[in-house]
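If you look up TrEMBL, you'll see 30, 35, 86, 121, 158, 269, 334 marked as NAD(+) binding site. Residues annotated as substrate binding site in TrEMBL: 155, 156, 157, 158, 210, 255, 256, 257, 258, 259, 263, 327. What TrEMBL records for 266 is active site, nucleophile. The domain 'UDP-glucose/GDP-mannose dehydrogenase C-terminal' annotation in TrEMBL covers 320-422.
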Ligand SMILES: NC(=O)c1ccc[n+]([C@@H]2O[C@H](COP(=O)([O-])OP(=O)(O)OC[C@H]3O[C@@H](n4cnc5c(N)ncnc54)[C@H](O)[C@@H]3O)[C@@H](O)[C@H]2O)c1
């Protein structure tokens, strides 16, 4: 089988590479020439654990190639995946210009039957628009070529994308015809070895499943953040509460960790887009509106704690920041809580010296020289008035506190990820603020 994958971002590149690992011939397409040149020179433009190895292996076996020409990629292709970005429009709804642009290009260039699969996260009803865009181009060409559309939302997580793709919890596919179902079942068969299901459904349900899944996960995070904030007020410890509720099988212990709010390229935009979809249908998704506003507030929670400790005036203070990416094991900074914290600190006249194991280059692209970048976590602490922990990289979990203490001006830590034990911090003689637990003051 030969397939095309359009868009070589986190989703497209990982999907294309993992499909090639099963023996399928994959051509990845992107409009970004720089990216394609980089990929053709054997480099990958994103940080994703485990990707480089299978990328190199499959390129060497000539099963994985890269081009800027969608037209060329269509030669002998049976299935084409659309995996381009769907960023939020000004009103929060998903901007479909890239998805529909690709659909039109497919219509302009296809010469035989194709299954056109939307893998990008798109609002309910988008596949109909993809189908109409292709049909319109075929009509303009005055040709009649059969094709099927399908929806196949992606559930991989940045940081464990390769593993998630190779061993998915489930694969969701929306189809309209038995022919498309048969083709996609054949393509995905090698990924079903761990016994997890491929769920075929109608296209509208498949499109909805992706938004419902991300919105449920975002809801868990905002719920737990709100409970954490209340825990602090009433004197409860959110760690205990988390374990207490998580051991109930109906609740489960995953995704109930409090923090500095959710970020990344998916949850914020997908929650917003689902709220807009509901509005269009005259239905107010009040739960998700609350999820969004709690998250917005939570991104400033550490600033509140910092001001409580230092007073309203932060001018001249120097903050060390550990972690810039929106979560560990990725260089993705989209909607990262670190950006909100940095913006607030700079606005107040403070300075920031940050360290992130992989996101510094991306951070520099966004923030330029507005902050300083340290060579390691200890370097960031030099002369700092406080340390702020924003991303829970595992290398931050057991640092040498005696070294930190010597480097910093004062022993003060604001931990947005609850990675240390407050009692240990008391023994180590650090002022220690975390989320949903009593502050330690020495
Ligand atoms: N990043 C994630 O963790 C994740 C997970 C699941 C689903 N998704 C969804 O998958 C989609 C892609 O996300 P991403 O993070 O990979 O995006 P991304 O921004 O990293 O990559 C998108 C790529 O598409 C390319 N592109 C844009 N227009 C094009 C065109 N006309 N032809 C060819 N290439 C084009 C861009 O140059 C870019 O390389 C989004 O809808 C997103 O919501 C993302």
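For all residues, glycine too, the Cβ spot is worked out from N, Cα and C.
Distribution of TrEMBL features across the structure.
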residue	record	Cβ within 10 Å
35	NAD(+) binding site	21
86	NAD(+) binding site	24
121	NAD(+) binding site	25
155	substrate binding site	16
157	substrate binding site	17
158	NAD(+) binding site	25
210	substrate binding site	24
256	substrate binding site	19
266	active site, nucleophile	24
269	NAD(+) binding site	23
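In space, 121 is the closest of the recorded positions 86, 121, 266, 269 to residue 210 (substrate binding site), judged by Cα positions. Put simply, 155 is the one of the binding-site residues 155, 256, 258, 263 whose Cα lies nearest to the Cα of residue 121 (NAD(+) binding site). Mean predicted confidence for the domain 'UDP-glucose/GDP-mannose dehydrogenase C-terminal' (320-422): the pLDDT average there is 97.
Among the binding-site residues listed (210, 256, 334), none has a CB atom closer than 6 Å to any atom of ligand 1. Neighbour count (other Cβ atoms within 10 Å of the Cβ, all protein chains): 28 for residue 258 (substrate binding site).
Here the CA atom of residue 155 (substrate binding site) lies 15 Å from the CA atom of residue 269 (NAD(+) binding site). Annotation for residue 263 (substrate binding site): spatial neighbours 299, 326, 327, 334, 335, 336, 337, criterion Cβ-Cβ under 8 Å with sequence separation of six or more. Ranking the binding-site residues 30, 334 by other CB atoms within 10 A of the CB puts 334 at the bottom. Under the three-state DSSP scheme, residue 269 (NAD(+) binding site) falls in the helix class. You'll find the Cα of residue 158 (NAD(+) binding site) roughly 10 Å from the Cα of the residue listed as 'active site, nucleophile'.
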